[in-house]
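Reading through the structure tokens given below for one structure.
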Amino acid sequence: MTAMCPLFQNNYIKTSKYSVLTFLPLNLFEQFQRLANFYFLCLLVLQVIPAISSLTPITTAVPLIGVLALTAVKDAYDDFQRHMSDSHVNNRHSKALRDGKLVEERWAQVQVGDVIRMENDQFVAADVLLLSTSEPNGLCFIETAELDGETNLKCRQCLVETAEMGQDDARIGAFDGEIICETPNNLLNKFEGTLTWKGKRYSLDNDKVVLRGCVLRNTQWCYGVVIFAGKDTKLMQNSGKTKFKRTSIDRLLNFIIIGIVFFLLSMCLFCMIACGIWETITGRYFQVYLPWDTLVPSEPLGGATVIALLVFFSYAIVLNTVVPISLYVSVEVIRFAQSFLINWDEKMYYEKSGTAAKARTTTLNEELGQIEYIFSDKTGTLTQNIMTFNKCSIAARCYGDIIDETTNDVIEVTEHTPHLDFSNNPNYEPEFRFYDSTLLQAVRKGDEDVHSFFRLLALCHTVMPEDKNGKLEYQAQSPDEAALVSAARNFGFVFKERSPNSITIEVMGQREVYELLCILDFNNVRKRMSVILRRNGQLRLYCKGADNVIYERLKAGNRELKTKTQEHLNKFAGEGLRTLCLAVRDLDEVFFNNWKHRHQEAAVSMENRDEKLDAIYEEIETDMTLLGATAIEDKLQDGVPQAIANLAMADIKMWVLTGDKQETAINIGYSCQLLTDEMVDIFIVDAHTFDEVELQLIKLRESIRSVAKQQSAPTASEYQRGCNVEESENVAGFAVVINGHSLVHALHPQLEKLFLEVSCQSAHIGVGISGQEGMQAVLASDYSIAQFRFLERLLLVHGRWSYYRMCKFLRYFFYKNFAFTLCHFWFAFWCGFSAQTVFDPMFISVYNLFYTSLPVLGLGIFDQDVSDRYSLMYPQLYTPGHSNLLFNKKGIPQERAPWFLHVLRTYKDGVSPKGYVLSDHMLLGSVVATILVIVVTAQIALDTSYWTVFNHFMVWGSVVWYFVLQYSYNYIIGGRYVGSLSMAMQEATFWFTTVITVIVLMIPVLAWRFYFVDVRPTLSDRVRLKQRLAQLRSGIVYLFLKSRQSQDVLRTPSARRTRRSIRSGYAFAHQEGFGRLITSGKIMRKLPRPNGDFFFPPFNHSGPSSTFTSHLPTGSFDDTSDI
């Protein structure tokens, strides 16, 4: 390779944002881009101007600096972690060839064109083209967890021509090939290029490339030439900026704060006009006592105008606390604490895997309480992704059901049903379960059709065998394939070993070796896979795939077999089983050789390679003979039906993706309560043309509208009316099932709006299930849970609590700020609108920071209206979040009465019994400040529904803390208001005024709440009453719960109405299989030894399955592999 070109990136990476020199200016620049911070910076500048400020700049500087410093510390810590990570990665060591010798190099010094040596368990420094490896056939194994979250091993193989160089440093160092490849991109599973070396051109694909971030496993060493480095590597190309997600409350807050700013400006404008009038009429006659500033003209009207303009800015400073600077910091603290409550919830801990729920973000908690649509995969999310061979159809006969010999009825299989004994088979698996003895008897009798059926299962796959401590184990690409090969094994057709060109099985103890000629691998378009084998001179193609795909390629005739098998497929679909059809074809040697030549040409084509291969496959996968069908069960996870039923009652619409056909999707929907018999209708969108899909969607929309006019949804209005859930029936909804062909048209820009109108909206929050299929979804999620049933608790408990708490917090936060700020507004009427403050400047500075911060944080973190049990028992409690019922533009609390005026009247011209004057400014300010703290504390005590030790400490402790801090500041530090509060508290007037003020302000609140709880209770009020009665009457709790459970009982399949017989979909891994790797030898760790031993690394990959079922409450996309 030539030396590094300046056009290429070096291998140094930088994910950090700041340096020591740039941190302060850049961070401040970023922070002042936030509207609230910039607003307070402008106020601080204004406060520095003596002519317009009656407040010391400290009152704004202290909270502003506190907020900026707290945010800066957080940003600095985050960036320090990024610096540490960058340094760790850039300083990793790699061995690079320099002048034919291996030398240690830091990753940052590796360049494009360098040849590097990688060793076992080491990270790969850059994207490299493999040249040679320690394993036979140029094979190496890698782990790609940092790239895609998958921990299963993947195979890569270098070119045979370069593999010959081995680990000869001199030969590899002299490598002078020219690589022409695609430009840097983020596609992890795609690479296209060519290598020109020694006058020949070689095709390069993804199987010959190892990417940065991979870890070399089970391979002693390998060499590769760097093709992409640094920011050009696919790992870094996928490390784009994280999408910033904002909650609906965040957006509402921004709108409200803008409104508050306008409200502030209107108050300032009012005070400016009033000041101008007062100065014109009265103020000009008091210049001896209150002289005008030298900047003010002496002419009365002109002077009053200038003073009024200055007062406008002065009141912008004095009343600035109506805009809450500490609001965003408080919100982040509450969200952070709520995330820990999610992480610590033992009821969302899955003991089998030792996995707890995890909040991977701290910015979306309350959004969990406002979810309207859920988008979910089926396989591994709703199901366990543990496949079991359940039933099959062979030669028009169905196997798997247990028939009562007396009544000929099918006996339901339970845990206590005796299963067949396969112990006579030395390779049987003790955990395998099958109950129909007729199939085992047919195998033992040598039934030709049954033997052909199981031979296909043992031969047509890409499973890898592995010997672990003398025990044969299989590593499959998908659990479906593993289940089928396992079934064949237990029935006596044991897959033993494979090489790049052979497959060995053991049939009833007899060894059979087949020459593997070709694997026609699976992909999402083909929906099938085939193998072509030769044994004893006979060529045969074995194929398995989706029923509709296989039926289209069967030879004419055998109508009875096809019809009967189709009936069995319908039966399996009715039971929600995943199915495949099996077929075979005998091939002519001449035809195959001609086909193989054209197949080889397509395989090495540089243009449209996949399309050409698919066309070649079509030629040979025709005129096949049907053998039968398999039915695999993927059991639902525990609690899925109950969770979906409760989520539907919470008015949450759900869409489920599954790779099955639409008929199977419907049956799965019924089994998991996604579809119910009470639904008005189930609409199937299955058209193939744009116009037909449009007509079906329009019909669906009109049907929904016509029913909606007759029904009222149990949403926010019902919540406000306080409808009793126990007495109300859940409104019957609609279901939509849409197949892949129709979905393509439905997502067309011209139909997109119509489709969204009748179905769903885009997802905002990601919740990953850490199940059997790897951790990629978890790594990309905002929240992770171990089982789908925990989603019910995540939303209905933690989500609802978070939304409820945040709304309460915001309402109270705005209330206390308004109560504080409007004291200055009311005082303006007594001070001639001169912008004189009523409070001590230090009190203004720390009111939000010290005196009222803890109680509201306690409310936002710990409060709850009903317990978690009742939140799950009454899912309709969740509905207020859908319409922002608990906090909206109309819900900003206003100060209920100008209580400040009553205090002023009390202390105006006041004299104590000892003759002390009580009407001085400082005493009045201290009294008002004290009453304000007591009033807002009493208010939050009334707002708190759930008291904990922390709430008691924070609420009552804040009042004590106020007095401690007041005395400490005034007497120890020497504040200007020293002695004022002490003087006031010595007089009965203070205590009488305080008690009367608190009573006068609290009684309307209590009366209002008692009235609405008694006359117009919300659903929450009703449930809270039930909860309290249950606590008081603990003797009837058991009967109460039994009554509730009897109403919420779910239908069993036996109680479900009979549905039409429907056709099955297919079960298959939805990604390309291991076919090319097997036939090329890439998957082979070592070639078979004479004794038949193999040594393979584990392949624990589980391919994802896909379909979509949703409900309006429910619906379904299916067959998405057609897209």
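Backbone N, Cα and C atoms are what each Cβ position is placed from, and that goes for glycine too.
What TrEMBL says about this protein:
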- ASP377: active site, 4-aspartylphosphate intermediate (ACT_SITE)
- ASP377, THR379: Mg(2+) binding site (BINDING)
- ASP377, LYS378, THR379, GLU481, PHE522, LYS544, ARG578, THR658, GLY659, ASP660: ATP binding site (BINDING)
- 8-60: domain 'P-type ATPase N-terminal' (DOMAIN)
- 778-1017: domain 'P-type ATPase C-terminal' (DOMAIN)
- 58-77: transmembrane segment (TRANSMEM)
- 252-281: transmembrane segment (TRANSMEM)
- 301-329: transmembrane segment (TRANSMEM)
- 809-830: transmembrane segment (TRANSMEM)
- 842-862: transmembrane segment (TRANSMEM)
- 922-942: transmembrane segment (TRANSMEM)
- 948-969: transmembrane segment (TRANSMEM)
- 990-1011: transmembrane segment (TRANSMEM)
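Sequence features, as recorded in TrEMBL, placed on the structure.
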{"residue": "ASP377", "record": "active site, 4-aspartylphosphate intermediate", "Cβ within 10 Å": "23"}
{"residue": "THR379", "record": "Mg(2+) binding site", "Cβ within 10 Å": "30"}
{"residue": "PHE522", "record": "ATP binding site", "Cβ within 10 Å": "26"}
{"residue": "ARG578", "record": "ATP binding site", "Cβ within 10 Å": "28"}
ARG578 (ATP binding site) and ASP377 (active site, 4-aspartylphosphate intermediate), Cα-Cα, nearest whole angstrom: 15
Chain residues outside the transmembrane segment (842-862) and at least six past its termini with a C-beta under 8 angstroms from it: 55, 58-59, 62-63, 66, 321, 324-326, 330, 333-334, 337-338, 341, 805-806, 808-809, 812-813, 816-817, 820, 925, 929, 933, 936-937, 940, 943-944, 946, 948, 950-951, 954-955, 957-958, 961-962, 965, 969, 975
Intrachain residues whose Cβ lies under 8 Å of the transmembrane segment (252-281), provided they are six or more past its termini: 35-36, 39, 300-301, 303-305, 307-309, 311-313, 315-316, 319-320, 322-324, 327, 810, 814, 825, 828, 832-835, 884, 887-889, 892
For the domain 'P-type ATPase N-terminal' (8-60), the number of residues DSSP places in helix, strand and coil: 25 helix, 0 strand, 28 coil
Residue pair ARG578 (ATP binding site), THR379 (Mg(2+) binding site) - Cα distance, angstrom, rounded: 11
Distance, THR379 (Mg(2+) binding site) to PHE522 (ATP binding site) (CA atoms, angstrom): 18
Confidence summary (mean pLDDT) of the domain 'P-type ATPase N-terminal' (8-60): 83
